[in-house]
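Attaching a single structure in structure tokens format; questions to follow.
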Amino acid sequence: MKLVIVSGRSGSGKSVALRVLEDLGYYCVDNLPLPLIGTLLEQLKGSNDLVAISVDVRNLPEQDKVLVKQLASLPPDTELTSFFLNSSDKILLKRYSETRRLHPLSKSQVSLQEAIKLEGKLLEPMSKLVDHYIDTSNLNIYDLSDQVRQILLGSVDKELVINFESFGFKHGMPTEADFMFDVRFLPNPHWELALRPLTGLDEPVAEFLNRQPLVNKFIWQIENLLETWLPHLERNNRSYLTVAIGCTGGQHRSVYVAEQLAKRFSNGKHKVYARHRELNNAKA
């Protein structure tokens with residue numbers, strides 16, 4: 001069994017690393033308490049040979065000592081690889097300020113800057129135990145993904161991964177899109193009372209939109225545009241391409257168009273994913 005442990009400071013990219021591992025076929029568990037490592041491996045034995053876990057400051061106290069103890073008790077056939085991700089205090093402060101997420105150590109009387117510094121001190125012993133230390137201060141998510149793949153596979157898989165992401169403009173535009181298409185001008189199922197509670201994943205909505213010549217023409221034009229430029233993007237060593245499709249609420253039109261594009265490109269040589277931001281947020 002192969003076990004990958006990802007640790008590091010909050011905001012340094014642990015979730016990005018876990019997504020890469022998940023794409024590589026690993027069974028991923030986020031923020032697993034260290035004493036449960038052995039139990040997890042025992043439960044997955046025989047069904048999952050690739051396991052990845054992330055640990056962070058919330059699993060303290062004395063995390064480094066607990067980790068050493070847990071690793072010493074791993075089954076002898078376990079092949080272990082460990083990562084520690086870090087970024088400068090300045091970069092972490094900027095990232096948290098941009099996302100407005102709550103830091104794990106933030107309390108009513110502790111500022112964000114103080115929480116970031118405290119976490120760095122608490123995790124310093126952990127950073128000295130790992131196989132691979134990665135400073136992500138100057139890395140974007142694609143650079144970090146490449147580094148993780150390089151370490152695990154011995155080379156960077158340059159197969160282009162295409163992400164089609166639907167979203168609603170009223171909830172804000174995605175920040176990491178390479179291409180963004182506005183489909184708010186297309187016929188809107190929202191005004192059909194029977195379709196209003198449904199989504200672009202539901203057959204009645206799909207049938208409604210498929211009957212609209214304007215919808216089919218626009219999908220074809222996006223497909224043609226991407227097909228034209230994909231070879232040039234691949235020659236530029238791109239690993240990821242994110243195509244964002246936006247409608248008003250991210251429920252009907254953008255979801256349908258993203259799904260249709262994903263189906264068309266799935267027949268090619270690329271890895272293709274369809275993600276629906278607002279639908280996922282509604283489930284959370």
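Just so you know, glycine gets a Cβ as well, placed from its N, Cα and C.
Residues or ranges marked as ATP binding site by Swiss-Prot: Gly8, Arg9, Ser10, Gly11, Ser12, Gly13, Lys14, Ser15. Marked as GTP binding site by Swiss-Prot on the basis of sequence analysis: Asp56, Val57, Arg58, Asn59.
What does the local environment look like for each feature on the list?
Counting every protein chain shown, 27 other Cβ atoms lie within 10 Å of the Cβ of Gly13 (ATP binding site).
The Cβ neighbour count for Asp56 (GTP binding site), using a 10 Å radius over every protein chain in view, is 21.
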For Arg9 (ATP binding site), which DSSP three-state class applies?
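Its secondary structure by DSSP: coil.
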Looking only at Ser10, Ser12, Ser15, the binding-site residues on record, which one has the least crowded Cβ, with the fewest other Cβ atoms within 10 Å?
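Result for the binding-site residues Ser10, Ser12, Ser15: minimum number of other Cβ atoms within 10 Å at Ser15.
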Quick check on the binding-site residues: of Arg9, Lys14, whose CB has the lowest count of neighbouring CB atoms inside 10 Å?
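Counting other Cβ atoms within 10 Å of each of the binding-site residues Arg9, Lys14 gives the minimum at Lys14.
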Using a 10 Å radius around its CB, how many other CB atoms surround Gly11 (ATP binding site)?
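Gly11 (ATP binding site) is surrounded by 23 other Cβ atoms within 10 Å.
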